[in-house]
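Per TrEMBL, these features apply:
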type	residues	note
DOMAIN	28-204	domain 'tRNA(Ile)-lysidine/2-thiocytidine synthase N-terminal'
BINDING	Ser32, Gly33, Gly34, Gly35, Asp36, Ser37	ATP binding site
Amino acid sequence: MSHEPPLAERLRGRVAGRIAPNAPSRLGVAVSGGGDSLALLDLLMTVTGPGVPLEAVTVDHGLRPEARDEAAHVAALCARWGVPHETLRWDGGGERGNLMANARAARYRLIADWAGRRGIGAVALGHTADDVAETFLMRLARASGIDGLATMRARFELHGLSWLRPLLDIRRTDLRAYLKSRGIAWCDDPTNADLRYDRARTRQIVEVLTPLGIDAGTLGRVADNMAAARDALQHYARIEAPRCVRVDRGDVLLDRAPDPPVPAEIDRRLLVAALIFVSGADYPPRESSLTNLRAALARQESHTICGCHVSHAPDGRLRITREWNAVKDLAGPADALWDGRWRLTGPHAPELEVRALGEAVSQCPNRRTTGLPRPTLLASPSVWRGNALISAPLAGMPAGWTAELDETRCEFVASVL
Ligand SMILES: Nc1ncnc2c1ncn2[C@@H]1O[C@H](COP(=O)(O)OP(=O)(O)OP(=O)(O)O)[C@@H](O)[C@H]1O
């Protein structure tokens, strides 16, 4: 029996400890071909047994010429190790906006779709303690708040999938040493050393700070402290939510001046949670967008943000409703979830479609009796047969149909806080 080097035992123990409480029936691992995620793949192979089949995935963003070879390298290793592997290609390099952010968002989406097809319940990512430290410094540069400075979560939910980060307390150098000891070659992404990128410059800075006693470990501990503070604030927001927030037929009514008052930070968290609840957004709005919202509200104006329409209700509370523009092109079968949250029940027929009510609200004679404002009615779900409006349950024209929030979304606190 060969003797395991202590480093391997230590790393396997840590990864096993992170995976065990979250183990799904099938586990995926996102492998770029770099040292971190290749080490993750190898470690996962040794800590998952036949009870938890492992599958690997690589995304070729088509942005660097070497990417194809990197994907092929991962594919070859997986073939040798008997791990099913798939390379997914992204061809959105020409899309408008921030290329890196688009590529990252597409990667998460592509991997989630792949996991859905393969019946995989959780996907592991190779973020390390060094990523925590570097992200912390990069967020400092943006004057981020507590959430931005907090350690990334070891587990989070996105696109209907669990994502795990089992390497968060493991240093990159240890993973490289581990790979060397196992004779496994990895690919170095040249952009990691390219000082035109924030990430590469930040790596240099971490080294410069070491003589001050500030290293990846120290920064990681500060980020952990921030995570503890974030969790405490979320806990407090959860306690305050019932007296500040009411869900009214899919809208959120937010009392921003409750008696006794809540701290501004709790009010901010409830507002962000309300925007996420109504829009189904994956990420909170940027701080600059929230500043614009506050300015508009201070002028007593309504405002659109994050796919939501925000206005003052007559009693002074804020009404956060879905923005008509964000849903006006959404059409789906009448028996499917609409806008990620509405379930319509009624005399279903295959040709029926759910769409936003829009200007057809004028065809609903009882709309005023609902007490709902026009923006809410415009974005509310309605049933159509071709161009004929059949039902608008929230606009006083049910015609045998009801519209209910899907159970995963109807509990405000449970779904967003
Ligand atoms: N092209 C890829 N294919 C598959 N997985 C990838 C790819 N790129 C990154 N990953 C996964 O994501 C992890 C983090 O990679 P990286 O730090 O480069 O991501 P990032 O772009 O900074 O995104 P994030 O916001 O998730 O940190 C990797 O260890 C790996 O698990």
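For all residues, glycine too, the Cβ spot is worked out from N, Cα and C.
Sequence features, as recorded in TrEMBL, placed on the structure.
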{"residue": "Ser32", "record": "ATP binding site", "CB count, 10 Å": "22"}
{"residue": "Gly33", "record": "ATP binding site", "CB count, 10 Å": "24"}
{"residue": "Gly34", "record": "ATP binding site", "CB count, 10 Å": "19"}
{"residue": "Gly35", "record": "ATP binding site", "CB count, 10 Å": "24"}
{"residue": "Asp36", "record": "ATP binding site", "CB count, 10 Å": "22"}
{"residue": "Ser37", "record": "ATP binding site", "CB count, 10 Å": "24"}
- Taking ligand 1 as the reference, state which of the binding-site residues Ser32, Gly33, Ser37 have a Cβ closer than 6 Å to one of its atoms. Ser32, Ser37
- Can you see whether DSSP assigns Gly33 (ATP binding site) to helix, strand or coil? coil
- Query: Roughly where does the domain 'tRNA(Ile)-lysidine/2-thiocytidine synthase N-terminal' (28-204) sit in mean pLDDT, to the nearest integer?
  - Reply: 92
- Would you list, in sequence order, the residues of this chain other than Ser32, Gly33, Gly34, Gly35, Asp36, Ser37 that have their CB within 8 A of the centroid of the site's CB atoms, where the site is the one recorded for ATP? Val31, Leu38, Ala39, Leu40, Gly126, Trp186, Cys187, Asp189
